[in-house]
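Quick look at what Swiss-Prot annotates:
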- 15-35: transmembrane segment (TRANSMEM)
- 73-93: transmembrane segment (TRANSMEM)
- 105-125: transmembrane segment (TRANSMEM)
- 134-154: transmembrane segment (TRANSMEM)
- 206-226: transmembrane segment (TRANSMEM)
- 243-263: transmembrane segment (TRANSMEM)
- 293-313: transmembrane segment (TRANSMEM)
- 372-392: transmembrane segment (TRANSMEM)
- His381: active site (ACT_SITE)
- 429-449: transmembrane segment (TRANSMEM)
- 461-481: transmembrane segment (TRANSMEM)
Amino acid sequence: MSRLPDRSLLTRCEIFVYFGVYIAYIVVGLYKIYGLRDHIVKEAKFQFPEGWSLYPFSQRRRDDSNDELENFGDFIVSFWPFYLLHVAVQGFIRWKRPRLQCLGFIGVCALALSVNLDWSSMVLLVTLIASYYIVSLLSLKFLVWLLSAGWILCINVMQKNVWWTDRVGYTEYVLVIVTMSWSVLRGCSYSLSKIGAKQEDLTRYSLVQYLGYAMYFPCLTYGPIISYQRFAARREDEVQNWLGFVGGVLRSAIWWLVMQCALHYFYIHYMSRDVRMVEMMDSVFWQHSAGYFMGQFFFLYYVVTYGLGIAFAVQDGIPAPNRPRCIGRIHFYSDMWKYFDEGLYEFLFQNIYAELCGKRSSAAAKFGATALTFAFVFVWHGCYTYVLIWSILNFLCLAAEKVFKTFTAMPEYQRWTQRHLGAVGAQRLYAMLATQLFIPAAFSNVYFIGGQEIGDFLMRGAYLSGVGNYVALCFCSYCFFQCSELLLTKSDGRSKTKTF
């Protein structure tokens, strides 16, 4: 039993307590982070840049500690004309010659890269893209993975190549490394899909189709990863929804503005880099809120970047993955993987996990497949200690969640809880137990977002700060869990209503 059978079984008072605790903790935690703003500016290891010239931001300094967000801003400044060119070219092609859509993708991307990149960067990207088309002709999956291992090794070596970094500059270095990392996934998706395709479907895997996929500019550098199956299923003749497209782009722009405004007052990105700033909070209990908001700002970054790519993809007739789901609505870690980055989840599930085991495979085979999947996640994200810790914690949390769900699905467990606790009591017990999985899963993300130092600090605070602190943390996490369950039940109910 994992869901509330009927939301009306809970009293209004109980629901009020759950949401009251949730909202109060978030509001107070955010206020305490806001209260540290001047202390952080004074104690920071480097000086923040001047804020926007517009009042009242002109009186503040802006937190520029998040390299990914700053690099994205630099990318947009350099490449915004090519987003407009992409829209214009695709609008004309979809109107007059829909069959030339992929040539339009190739032309815009080739122009954008050739104008902005050094020749050495161009050689790297061209070689990577070409290598996957060549290996797909050999129809051997192990060669695809061998090639991918080689490129991932190359990317890790390039990250430490001072000569090349000095030659192209830091901005281009980041752009090329990130683009190559995404291109490895796109190359894998195309090659593995082609190898597994039926003979009559091979017309969908032509060179032009592949280059259009590999060089789709709106998702080239900042994602999301769109599987080749999705790309090949695009609807070239479909009427473009210009209003929906403008709305999608504006949504990303508005969230970017909201985040930039917030960074004049909430120095959460710097807090993720300097544990001393988190230590300045009133107590260990409120330090947990810093971890929560690190996750929320991380989520907003992907709402902006993925949202922009998804808006363009949908406009071009590509059935793109959904936008990231807010982490405040995710209470099982498996859902974090499924719904935060649907494109990456599809890639990992289809090309690694499902290739190693099936529904009827043994538990050992499934755990082994999960471990190998996270081994790939580790090397693809970069072979850093904090990524290794994050990957291991991800694996352990998902394995524990699988054991937990298997146990609570047993008829004996369900009969016992129903007999002694009733439907709602059984759900409360379920939530209390699941909270013990939710806490380490939530803190594991801090390793990926902020690094090992802040991850270790918050994890120690959760488990080594006394019984009272842990009980308070469990109670708040229990309320968070119940709120997410209530929202999910309501969302599922709406989906069923729409279906009927």
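In case you wondered, yes, glycine gets a Cβ from its N, Cα and C as well.
The Cβ neighbour count for the residue listed as 'active site', using a 10 Å radius over every protein chain in view, is 16. Counting same-chain residues at least six beyond the ends of the transmembrane segment (293-313), those with a Cβ under 8 angstroms from any Cβ of the stretch are 29-30, 33, 66, 68-69, 72, 83, 86-87, 216, 218-219, 222-224, 226, 245, 248-249, 251-252, 255-256, 258-259, 262, 266, 268-269, 271-272, 320-324, 326-328, 340-341, 442, 445-446, 449-450, 454. Listed by sequence, the residues of this chain that lie at least six past the ends of the transmembrane segment (15-35) yet keep a Cβ under 8 A from its Cβ atoms are 7, 265-268, 271, 281-282, 286, 288-290, 292-293, 475-476, 479-480, 482-483, 486.
By the Cβ criterion (distance under 8 Å, sequence gap of 6 or more), the transmembrane segment (73-93) is not counted as touching the transmembrane segment (134-154), fewer than 3 such pairs being found. Long-range contacts of the transmembrane segment (134-154) within the same chain, counting only residues at least 6 positions beyond its ends with a Cβ under 8 Å from a Cβ of the stretch, are 128, 180, 184, 187-188, 190-192, 194-195, 205, 210, 355, 379-380.
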